[in-house]
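Here's the structure we're looking at; comments come further down.
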Amino acid sequence: MALVTWFVWVLFLSTLLLCSADVHHYEFFVRESKFKKMCNTSTLLVVNNSYPGPEIRVHRGDTVFVNVHNRGKYGFTIHWHGVKQPRNPWFDGPEFITQCPIRPRTNFTYKIILSEEIGTLWWHAHSDWTRGSVHGAIVILPAENETYPFPKPDGEQTIILESWYNGNFKKIIDKALAAGTPPPQPDAYAINGHLGDTYGCPTDTIFRMEGDYKKTYLLRIINAAMNEQQFFTIMNHTLTVVAVDASYVRRFKSDYILISPGQTMDVLVSANRNAGQYYMATRPFSDSAVPPVDFITTGIFQYTNFVGGSNASLITLPAMNNTDAMLNFISRIRNTNVTQNPPINVPADTDINRRVFITLAVNDLPCKNSKCVVSDGFAASLNNVSFVYPHIDVLQAYYRNIGGVFAENFPFLPPEFYDFTGNLTGVVSAVEVGTRAICVNYGDAVEIVLQSTQMGAGGSHPIHLHGYSFYWVGAGFGNFNGETDPSTYNLVDPPLMNTIDVPGTGWVAIRFFANNPGVWYMHCHFERHTSWGMSTVLIVRNGSTIETSIRPRPSTMPRCHRT
């Protein structure tokens, strides 16, 4: 019945969007450019000489073609984060998962098929750490015959939260991986490429947003930071959350938001205070034993035609380790039954026929590189498997039945059970390296429980699944109990998300129907953890019809070096 409901919704949505869908074309020229911040000059790989990159602006259901020209020194790919790409994994973008890199002095055109997504998503490079400077917003407006499920805002502003390094992102991670050491902390955080007024360099700029008194604005907030969850606020103003990960949620008010790397949030703010200038500010949140640097980065929310200083000199944000503030915010995110959202279609307990229980850990492995400065380097794992990128993309190997590239035997349970979130004294958890995939059938009802462990420094993990939005049905602290914890699930109005934060001493449960055939990457959106192997691949096998099978492989796919 649930699958029938989904097909009815897809048929209705397709009919609705065919009446107004449009096609857009963009040209991305990716090259190295110089930027001066913190009184230093850094060379970054960017799109169209811009940091952040250009905004893609479309309507729901449109199709977008982006011709990417590589004018840099090394290969890279681009991912359209949160776009489901129905039956179209070829253009999803993660390096060596769905394609090989776009080589220097070549170009590749992505076809981006939008379906039910609405609100804000983003695009970013998906090779090494190049996403730190190669990223931008995707704004998905309602279709021409649709409305917002709230009063139409008077204006809008995209806000991208970023990590700033005084150096080239790829060189930073390459050096750390070669040495077996963790990458350095960022030198600052940024708002739309601006560092604000807290870092001491007189030439640094501050982001300014202007608004008219008594007008309401839609903020499209994206966390593009490399390894940091972020609190965000506008002093003396109330924020109303209306969408998360391009899906509308039940509206709620808050003095701040908490947003994880990879996530997007649509937030309303009204200019209803005394005319003036008010700080907007961001700072990291962490529940890890090795937290990020606790910098506060500022911007300005300025009322039109006001001249003068800031009305709010004191910046109030939750403390970096304030887990109560984190829980108070995320516990209020709920789905909303509005016509602009697909009907809520949560797999019921009786539907579930694929259960996967995955532990997340940071591990050690012998460092065998000639440049190692330590005996044991860092690895990260899912169920004690640290992912290794193959020499050709997994999708091509799967589609063409090429052997020796990956194995279809990712463990559906941890190889050993222990007190994951407790005292690990005496626990020695062996990790293996490999390219192993989770395989399910088309139409399967899937439940994945993600369990944090205290291995390494512990802490949260924002997990992103490509090709899908999933229902966040459960969360808790301690070790997941398969007998009792499912009784606490929210199967009534769970939010529909593509990136979920797993708390450092707890677990989350997600559910979805495997109705998008293809090869889809699942990974931690902390880039250091992905670099160390905290990822896997979800393969959803073809259904029995053309309409439930992967689209044919495009002839324009970038060639792999060994093919």
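Positions of Cβ are set from backbone N, Cα and C atoms, glycine also.
What you are looking at is a predicted structure, and each value in this text was computed from that prediction instead of being measured.
Quick look at what TrEMBL lists:
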SIGNAL    1-21  signal peptide
DOMAIN    31-143  domain 'Plastocyanin-like'
DOMAIN    157-304  domain 'Plastocyanin-like'
DOMAIN    432-543  domain 'Plastocyanin-like'
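Taking H, G and I as helix, E and B as strand and the rest as coil, DSSP gives the domain 'Plastocyanin-like' (157-304) the counts 11 helix, 72 strand, 65 coil. In the predicted model, the domain 'Plastocyanin-like' (432-543) shows an average pLDDT of 97.
Residues in the domain 'Plastocyanin-like' (31-143) partition by DSSP class (helix H, G, I; strand E, B; coil) as 6 helix, 57 strand, 50 coil.
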